[in-house]
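*Asks:* Sharing a structure, written as structure tokens. Questions coming.
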Amino acid sequence: MLIFDILLFIGVVKAQIVVTTWGADGFQEATFNAFEAYRNGNSRMASLVEGLSTCERLQCDTTVGYGGSPDENGETTLDALLIDGPGHKMSGVAQLRRVKDAARVAWAVMNYTEHTMLVGEQATQFALRMGFSETDLTTNASLEMLQKWKNNNCQPNFWTNVFPNPKQTCGPYHRNEIFKTNSKSEIVTNRVIDRYNHDTIGMVIIDESGEISAGTSTNGASHKIPGRVGDSSIPGSGAYLTQKVGGAAATGDGDVMMRFLPSYQTVEFMRQGAAPRSYCGSQCESNLRIPLSW
């Protein structure tokens, strides 16, 4: 989880700060591009969008942008979220299809509509009306990911309470008439989340006046069920901020994280005076103690 303690900087440091999840080359380049965009006269939000868009172009860790994290049908879809402190403005897209520029489409939602989020095929149609290009987000790399997954009997996947047994074979699946709740041990052993099958770029920017922006971009979990939306585009889960308090962004198992709204919780505890690093650790420990089921 990315945590950014604005309380330490407002009214003290008169400088721009950009903080981004992860230290791999693509993420570092995204951070640099956001910083340089602001230094060259772009607005705080334009700089945020430039940083997120950099990772989309570079396909950071294959988990941001086109050509990664295919769903069960082999399609890559994109999610993005933008939050701006002044006015507490938010905008996002989820399950964006056939358009590479998720962060820029989310910004178009903020600039040209009164809505907060657009999803799926309708988000794509909005993007086309706004002048974005339609293109296939599939690449040879994503097709290879899909084929390897199928050759491994579609393991892992996100199905439960269906037949044939989703832990042994591919679908199509059908619901079991007798519903069975998974046990805690099944949850622990069957969900594998790592750097290359789920990730997100999260970015928080503060400018010289102490105003804050935050955003995320991702292509979601690999081999997800088509239609799934993760935590990254959900305000309070993927990212959150409160002006004059601070901002946070989070990444991990999105289907779990959106249950707890970790970014919102972190900022709210910062508002109450908690140090963000200490709160993040205590929150993660607390959440791990909660029995989860699917």
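Cβ atoms are placed via backbone N, Cα and C, with glycine included.
Found this in TrEMBL, in case it helps:
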SIGNAL    1-15  signal peptide
ACT_SITE  Thr200  active site, nucleophile
BINDING   Arg228, Val229, Gly230, Asp231, Thr251, Gly252, Asp253, Gly254  substrate binding site
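Show me how these features fit into the structure around them.
*Replies:* In sequence order, Ser237, Gly238, Ala250, Gly252, Gly254, Asp255, Met257, Met258 are the residues of the chain that are 6 or more apart from Asp231 (substrate binding site) and have a CB within less than 8 Å of its CB.
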*Asks:* Can you tell which of the recorded positions (Thr200, Thr251) has the fewest other C-beta atoms within 10 angstroms of its C-beta?
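*Replies:* Minimum Cβ neighbour count within 10 Å, taken over the recorded positions Thr200, Thr251, occurs at Thr251.
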*Asks:* Given the binding-site residues Arg228, Val229, Thr251, Asp253, which one's Cα is the least distant from that of Thr200 (active site, nucleophile)?
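*Replies:* With Cα distances computed to Thr200 (active site, nucleophile), the winner among Arg228, Val229, Thr251, Asp253 is Thr251.
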*Asks:* Starting from the Cβ of Asp253 (substrate binding site), draw a 10 Å sphere and report how many other Cβ atoms land inside it.
*Replies:* 16
